[in-house]
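Have a look at this one before I ask anything.
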Amino acid sequence: MIVFPNAKINIGLNITERRPDGYHNLETVFYPIKINDVLEVIEADELIFDYSGLDIPGDDADNLCIKGYHLLKKDFPKLPAVKIHLHKNIPIGAGLGGGSSDAAFFIKLMNEKFGLGLSVDAMMDYARVLGADCAFFIESKPVFAFDKGDEFEAIKLDLTAYQIVLVMPDAHVSTAEAYRGVKPAPVKESLYDLIKTPIANWKRHIKNDFEGHIFRDNPIIRGVKAELYEHGALYASMSGSGASVFGIFESTPDLSAMEEYNQIFYNV
Ligand SMILES: C[C@@](CO)(OP(=O)(O)O)[C@H](O)COP(=O)(O)OP(=O)(O)OC[C@H]1O[C@@H](n2ccc(N)nc2=O)[C@H](O)[C@@H]1O
Ligand SMILES: Nc1ncnc2c1ncn2[C@@H]1O[C@H](COP(=O)(O)OP(=O)(O)O)[C@@H](O)[C@H]1O
């Protein structure tokens, strides 16, 4: 069975407080985009993971798909061994949630392939164990997210009339490091309300709290956002903890001047 895990962008990200468990409470909007990995699972005699495409840092044993397998196996001891092949296409360390998406799609695939009978809520509970933004990818529909970023309220947000362009500069940001550099603060205007206002309003009001310190340390990423506005973006922002930056445009911009130093995904 083959599935196509998709990436997400964060539209707005307010980090509101540090929690006693070391995590942070936040509010954000997750919006699914059309950049996809390819994930294939077949039954096998032993558990095997291999991958192609982009280089994934770390050991294969730590891959989130393998972690997902062990998590399910604890509750479903009769689960057969499988061979997992991942074709990695979603940029890594980009704030696009690629690893989390692979894990969530793996759980959904296993549920269907082996008839585990898990409800959407049950699959989300498994996903939450693997990463804060992992549960979002079980349904992968636009949501307002809160708490650790793993509780959701569905929202009506349809950006299909616009062109979303995603720019991946030659920079990587670790999520844990990004959180360490941020000073949590209560929100003045909730993103839940702001996201319902016209896009023309977003530039002045919807912000990503990671941008402050990450832009200071990485002028390249700051520059990409500025360039997207220079090319006419209605709204531009770093996604999640970076390093990718997206722009929402009325029509496809000519970003050829940026292509030498960045990977650019049009119409995502
Ligand atoms: C920042 C966000 C925004 O959407 O996305 P990315 O930029 O990584 O895609 C998410 O909060 C990332 O979620 P995810 O990548 O699943 O995080 P996890 O693996 O659970 O945690 C990685 C590390 O980030 C920190 N962390 C994560 C979530 C949270 N609410 N508070 C935190 O402080 C913790 O230090 C944790 O050890
Ligand atoms: N299937 C996977 N795809 C990508 N990264 C993975 C995967 N499994 C584990 N990882 C680890 O997770 C880290 C963060 O990956 P990713 O989810 O792409 O970034 P981000 O947190 O920016 O969305 C990587 O550096 C890698 O070590």
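A Cβ is built for glycine as well, from the same backbone N, Cα and C atoms used for every other residue.
So TrEMBL lists these for the protein:
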ACT_SITE  LYS8  active site
DOMAIN    63-138  domain 'GHMP kinase N-terminal'
BINDING   PRO91, ILE92, GLY93, ALA94, GLY95, LEU96, GLY97, GLY98, GLY99, SER100, SER101  ATP binding site
ACT_SITE  ASP133  active site
DOMAIN    205-264  domain 'GHMP kinase C-terminal'
Can you tell me which of the recorded positions GLY93, GLY97, ASP133 is spatially closest to LYS8 (active site)? Compare CA atoms only.
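Comparing Cα positions, the closest of these recorded positions turns out to be GLY97.
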Determine the recorded positions, out of GLY97, GLY99, SER101, ASP133, lying near ligand 1 in the sense that the CB is under 6 Å from one of its atoms, and give them in sequence order.
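List returned for ligand 1: GLY97, ASP133.
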Taking DSSP three-state, what's GLY93 (ATP binding site) in: helix, strand or coil?
coil
Would you find the one among the binding-site residues GLY93, GLY99 whose Cβ has the most company, meaning other Cβ atoms within 10 Å?
GLY99
Where among the binding-site residues PRO91, GLY95, GLY97 do you find the Cβ with the fewest other Cβ atoms within 10 Å?
PRO91
Starting from the Cβ centroid of PRO91, ILE92, GLY93, ALA94, GLY95, LEU96, GLY97, GLY98, GLY99, SER100, SER101, the recorded ATP site, name every other residue in that chain with its Cβ within 8 Å, sequence order please.
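Not counting the recorded site residues, we get ALA7, ILE90.
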Among PRO91, GLY93, GLY95, GLY97, GLY99, ASP133, please name the recorded positions whose Cβ is nearer than 6 Å to ligand 2.
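Cβ < 6 Å from ligand 2, in sequence order: GLY93, GLY95, GLY97, GLY99.
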May I ask you to report the DSSP-based helix, strand or coil state of ASP133 (active site)?
coil
Tell me, how many other CB atoms lie within 10 A of the CB of ASP133 (active site), whichever protein chain they belong to?
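Excluding its own Cβ, the number within 10 Å is 26.
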Just to be sure I understand: of PRO91, GLY93, GLY97, SER101, which binding-site residues have a C-alpha no more than 10 angstroms from the C-alpha of ASP133 (active site)?
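Those near ASP133 (active site) - Cα within 10 Å - are GLY97, SER101, in sequence order.
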Once the chains shown are all counted, how many other Cβ atoms turn up within 10 Å of the Cβ of LYS8 (active site)?
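For LYS8 (active site), the 10 Å Cβ neighbour count is 28.
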Counting every protein chain present, what is the number of Cβ atoms, excluding its own, within 10 Å of the Cβ of SER101 (ATP binding site)?
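Counting Cβ neighbours of SER101 (ATP binding site) within 10 Å gives 31.
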Just to confirm my parser: what is the rounded mean pLDDT across the domain 'GHMP kinase C-terminal' (205-264)?
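Summing pLDDT over the domain 'GHMP kinase C-terminal' (205-264) and dividing by its length gives 97.
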